[in-house]
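Working notes for the structure below.
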Amino acid sequence: MFNLLTAEKIKVWKSRKMWVSLGLMVVLPLFYSWNEWYMHTKYGNELNQATDTVINGATGILMVEKMAAWILLAFAAFACFYIGEEFQNGTIRNTLSLGRNRMTYYVSKLLVTLLITTLGVVLITGLAMLAYTLAFGFGEVEGIKNYGNYVLKVFPVLLLLTLGTLSVPVALTFITRSTSVSLLLSFLYIMGTAFIPGVFAKIKGLEFLTEWFTETWLMYTDFAQQATYSQAPKMILVSLVTIVVSSALGMFIFQKSDIK
């Protein structure tokens, strides 16, 4: 596993896909902070915590919530291209012919994808806090007295929800063994699970299903509220279950698939 991860590290480091995805994580917070500063200074637009999510450096910790769709789509695309090209180019056969276990191979790809995503999440959050501090001051998160404790509780949950969602594109790529098909299905999954839970919420007896979608929590939870703290264990559970179930399904089908 260690040798395989080392090889993946070298491969990813030279990959333009990774740099494009991470580059987007740099551009987004800088662009949004500049645009909102410009609109504020030129037109007097006031930022509102409830609608804008990130309004100063302190609330920059919530940039993942604000930019959830961009982050998910960017790293889903990275996962599909990064893993899919192994099937497209046939290089996966070389790795497996060396006696690599398919489960080990799957786990190595999953870990690399989640690690790169983690790096992207840290990058976009850190830059958002810096950029919004320069534009609007550090300020505070309204209603939060212990900011350090708040960050330690909120950031890991936001990260886990993101990783949970992105474990699905990894599984889809191993299941379909096609970059284009997995890319399409991943985008449909991300866009669909952003809205489908709302349908379940309106059907009597199925309301509980809305809580089992990571995107429901990621996109529709107000992480600036103290009350959100009590929901953290449930969010963590949903994230971990999503990773385990999607990975188990992906591994099972990959184990049975015929690699040509």
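Each residue, glycine too, has its Cβ placed from N, Cα and C.
Taken from TrEMBL, the feature transmembrane segment covers 18-34 (among others).
Sequence-remote contacts of a segment are chain residues at least 6 beyond its ends whose Cβ falls under 8 Å from one of its Cβ atoms, and for the transmembrane segment (67-84) they are 12, 15, 17-18, 20-21, 24-25, 28-29, 32, 109, 112-113, 116-117, 120-121, 124, 162, 165-166, 169-170, 172-174, 177-180, 182-183, 186-187, 190, 194, 215, 218-219. Taken from TrEMBL, the feature transmembrane segment covers 67-84 (among others).
The annotation transmembrane segment is assigned in TrEMBL to 110-134 (among others).
Non-local neighbours of the transmembrane segment (154-175) in the same chain are 61-62, 64-65, 68, 71-72, 75-76, 79-80, 83-84, 106, 109-110, 113-114, 117-118, 121, 125, 182, 185-186, 189-190, 193, 214-215, 217-218, 223, 228, 232, 235-236, 238-240, 242-243, 246-247, 249-251, 253-254; each lies 6+ residues outside the stretch with a CB under 8 Å from one of its CB atoms. The feature transmembrane segment is assigned by TrEMBL to 154-175 (among others).
Residues or ranges marked as transmembrane segment by TrEMBL: 182-203 (among others). Residues 69, 72-73, 76-77, 79-81, 83-84, 165, 168-169, 172-173, 175-176, 209-210, 213-216, 219 of the same chain sit 6 or more residues outside the transmembrane segment (182-203) yet have a Cβ under 8 Å from a Cβ within it.
Below 8 angstroms of C-beta separation, residues 102-103, 106-107, 110, 157, 160-161, 163-165, 167-168, 170-172, 174-175, 211-214, 217, 221 of the same chain, each at least six residues beyond the ends of the transmembrane segment (235-254), sit close to that stretch. The feature transmembrane segment is assigned by TrEMBL to 235-254 (among others).
Long-range contacts of the transmembrane segment (18-34) within the same chain, counting only residues at least 6 positions beyond its ends with a Cβ under 8 Å from a Cβ of the stretch, are 12, 54, 60, 63, 66-67, 70-71, 74-75, 77-78, 82, 116, 119-121, 123-124, 127-128, 131-132, 134-135.
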